Each structure stands twice: as structure tokens, then as C-alpha cells.
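> Quick one: structure below, then a few questions.
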Amino acid sequence: MQTRNTFSWIREEITRSISVSLMIYIITWASISSAYPIFAQQNYENPREATGRIVCANCHLANKPVDIEVPQTVLPDTVFEAVVKIPYDMQLKQVLANGKKGALNVGAVLILPEGFELAPPDRISPEMKEKIGNLSFQNYRPNKKNILVIGPVPGQKYSEITFPILAPDPASNKDVHFLKYPIYVGGNRGRGQIYPDGSKSNNTVYNATAGGIISKILRKEKGGYEITIVDASNGRQVIDIIPRGLELLVSEGESIKLDQPLTSNPNVGGFGQGDAEIVLQDPLRVQGLLFFLGSVVLAQIFLVLKKKQFEKVQLSEMNF
């Protein structure tokens, strides 16, 4: 009987430990993941809205620059580089989810024309593989191979991200034509200010939800604050919760107004978007151009030779 109770107790403890670990994993994963471009796919069918705005800007509120470099023209069924540059001051530190300071991560979303896609590994040259490093790109959706996402990755190592892109071949894909196409890119550095569910992260400013007198500021054991605001007109109390990692701008006894900042702005990152154009060139046009240029060069050569021959004839007639 005692042995059976012992086994039952062990089984209950193991089950409880697994449940707690699973809950911690889910909570931690959700709080971290929702701050980067790669996880916009959980909430948006298409990362680019009809207005042209990339949805990552809904969570990363600060505007920062981003740049993209692609060739002016590419031939069908060839691999080329799309280099996304996400510049920022490498000395900056951001507030992490645990309230501590840490290095910034970066992420990007690349929206290619229909038919363009990530190049398969066997088509990527050793030189290009060296530029790519250990990055692992993903499709935004299984059926959207022309939209690629990456991140979060260490910003100090990958402030320039090289995407290996395979150009389509109109000969095998009738939906693709030899035209000029737009390419759109979005890139962020640092954590977002708002999660997809609308809640704030600890990487943004917290404002007072009511006006009045700050009667109490309680520092919580695991970090963060509880600020009690008393409305002087009716005595109603409002408690604002400040997460860990933020610096307070107010003190007890201070009179504040509605929406007045209670904390400084910890955000040192931001999101930016840009675009570029690329021409899918017909090889026959290139061959025709080369033939035309060759014809012009040959014509010039024959003209020079003819001129010299004419000058020799004139010279011989004058001597005669």
C-alpha cells in the first residue's frame, strides 16, 4: 500500500513539473516571439497592406532607416543577391523582456515579385554562402514563396542580411514576363512596443491612466512598480502597473495629468521600409543588343579601313 502511494506521489509530481514547464515555455515564447517580423505571419495573411504599409510597423512604432541593394537587371533562372541593410549604433543596449539590458536583434521581411523565390542550396555559390552565414530564411506562407522573413538574429553580426534569390524563367512559368518589377523590404532593430494582441511591452512609454495625486509607489519584488493615483475631486483610486526595466519620471505626492508619461522612453530601436526595382531581362534582347553593338563596331572598323584605303589612293595619284 505504501509503495503504491509512493508511485502515485511521484507520478503526480512529474505531471505537475511537466505542466509548469510547458506553461513557462508557452508564456516566454509568446512574449518574445511577437516582437519580430517573422511572427507577423501569425496575425496577417499578407505583410503589406493595401496602403503600402508593412504590418511590422504596427508593433515597432519608431521610424528608422532601412536600405536594399539588388542588381538593376537579372537573367531568368539565375541566382542573385538582395542585400538588406539595417543600420544602427552598435553601442546601444535595449531593455529585454526580463528588465535587463542587452544587445539589439534585427529582423527583416522581403516581398519579391511573383515567381521570384529563395534560391535552393545547390544553386548558391560558396562566396554567397559565406555572406549569408548561418541565417535561416523562411517563407511567409507555404504558398507565398516570394515573401521571405528572417529574425530575430544578432544585430551586431547581421546588420546586413544577404538573401539568395532565384529569378524565375518565363519559359517554364507562363505567369512571369520580361518586365520591370518592384521589390519591397521592411527591417527592424530592437524589440517592439506593442504585441499583436494590443498589449504593451516593457520597451515603450507608460502614461498615467488618470489624473490626480500619486499617493503611493510600490516597488514589486520581481521588478516593476504599482503606482496608485488618487483623483482629488472624488477620491477614486487608480493603480497603474509599470513592468520591470523602466525608469520612473514621477514620485510620491506629485500631481499628474491624464496621459502624462510615468516613465522615460526606453526604446532605442525601430522599423523602416523601402523598395527597389529589378528588370527580368530577356536573353534574346541581350544577344540582339550585343549583335547590334558588334555590328556598329565592325562598321566603324570598315569605315576607318576604307578611309585609309581612299587616302592611299589619293596620295598615289598626287605622286603620279
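Cβ from N, Cα, C; glycine included.
Quantities reported herein were computed from a predicted structural model and do not represent experimental measurements.
Annotations for this protein, taken from Swiss-Prot, read as follows:
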type     : residues           : note
SIGNAL   : 1-35               : signal peptide
BINDING  : Y36, C56, C59, H60 : heme binding site
TRANSMEM : 286-306            : transmembrane segment
> Looking at Cβ-Cβ distances, which residues of the chain lie under 8 angstroms from H60 (heme binding site) while being 6 or more apart from it?
N188, G190, G192, Q193, G269, G270, F271
> Which one of these binding-site residues has the most other Cβ atoms within 10 Å of its own Cβ: C56, C59?
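Top count of Cβ atoms within 10 Å goes to C56.
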> According to DSSP, does C59 (heme binding site) sit in a helix, a strand, or coil?
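It is coil.
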